[in-house]
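Per TrEMBL, the feature domain 'Nucleoside phosphorylase' maps to 60-313. TrEMBL lists SER67, HIS98, ARG118, PHE119, HIS120, ALA150, SER254 with the feature phosphate binding site. The purine D-ribonucleoside binding site annotation in TrEMBL covers GLU235, ASN277.
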Amino acid sequence: MNGTCELKKRLLNGASNGHAFAVENETSNDQYYANNNVYSYEAVVNIAEYLLDRVPYRPRIGIICGSGMGSLAEALSNPIKFPYEDIPNFPVSTVEGHAGQLVFGRLSGVPVMCMQGRFHYYEGYPLWKCAMPVRVMKMVGVTHLIATNAAGGLNKTYKVGDIMLVKDHINMMGFAGNNPLQGPNEARFGPRFPPMNTAYDKQLVRKAKEIAALEGLGDLVHDGVYTCLGGPSFETVAELKMLGMLGVDAVGMSTVHEVITARHCNMSVFAFSLITNMCITDYDCGDEANHCEVLDVGKLREADLRHFVSKIVVHLAHNM
Ligand SMILES: O=P(O)(O)O[C@H]1O[C@H](CO)[C@@H](O)[C@H]1O
């Protein structure tokens, strides 16, 4: 462990990619953090320090692997792996298809940090806890987040195996007052009221479409609106019909809380959904959504997704 000055320098560097936020509410928040078992700024810093002490570089790109998409992390060269249970104060993954480790390494030569396994609300974690690793990424020095997920396709023009670039989301859980930024604002991460109308980097969505076309994946790629429900039950026909009327193109149980947390601390966000199943909006259809199918489609698209993500990572590395 290096001295305190070095620690501050590293953390300031890590947090200096965005606005210089005023340090406010520092002490008044402490009581809330203690009473509610919330991660304080310092607790996130400690986790970042644990990682920085063991990784000889600072990736600027963070990747979150969706269900069945953990093989993205397996494409990294010279991986340095941190099982979640070994990282002090880290939650653990409980869902099949989420290995449960942070992996640092190089993707096509570019240093990245991957969450091979994310946290979902239905696992019993509050949203702030599900999204806490995004803040760790920020403290490590990540400026660009790539969030991937498996989702049900609601847009009838989609097919299983397609890729939907997320251009916007509907924060359904937020409508019910559940948001990862709930509680006192930690101004060292970001502002009390962060805007979300520019949540997804528009230019990157455009570029990703170009990349997909160049790489022969153009026919698979759409852009659309994602929504996250609490899960773990899949949706009823009536719920899906309602979501369709609201303009949702793909339905999942993740990502939105991560994106909100990333935008709060001024990270640039790119996200996509692998359409692993088509949402059932017909009462006469005997099929049922299931997690095995979700994992199987992830496996089927493994090579394409690795290729696609590595091209995006290279593009980002040349344009940050
Ligand atoms: O969003 P990810 O983690 O990719 O996983 C999706 O797949 C699972 C359901 O099969 C849910 O967890 C849903 O959110």
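Here the Cβ of each residue, glycine as well, is placed from N, Cα and C on the backbone.
Taking the mean position of the Cβ atoms of SER67, HIS98, ARG118, PHE119, HIS120, ALA150, SER254 as the phosphate site, the remaining same-chain residues with a Cβ inside 8 Å of that point are GLY66, VAL95, GLY97, GLY117, ASN149, MET253. Each residue in the domain 'Nucleoside phosphorylase' (60-313) has a pLDDT score, and their mean in this model is 97. Across the fold, the C-alpha of GLU235 (purine D-ribonucleoside binding site) and the C-alpha of SER254 (phosphate binding site) stand 14 Å from each other. Most buried of the binding-site residues SER67, SER254, ASN277, judged by other Cβ atoms within 10 Å, is SER254. The two recorded residues, SER254 (phosphate binding site) and ASN277 (purine D-ribonucleoside binding site), show a Cα separation of 16 Å.
Within the set of binding-site residues SER67, ARG118, ALA150, SER254, ASN277, SER67, ARG118, ALA150, SER254 have a CB atom less than 6 Å from some atom of ligand 1. Here HIS120 (phosphate binding site) comes close to VAL95, CYS130, GLY231, PRO232, MET253, SER254: these same-chain residues lie at least six apart in sequence, with C-beta atoms under 8 angstroms from its C-beta. According to DSSP, HIS120 (phosphate binding site) sits in a coil region rather than a helix or strand. In the three-state DSSP scheme, ALA150 (phosphate binding site) falls into the strand class. Recorded residues ASN277 (purine D-ribonucleoside binding site) and ALA150 (phosphate binding site) have their alpha carbons 9 Å apart, per Cα-Cα distance. Among the residues SER67, HIS98, ARG118, PHE119, HIS120, ALA150, SER254 said to bind phosphate, no two Cα atoms are farther apart than 14 Å.
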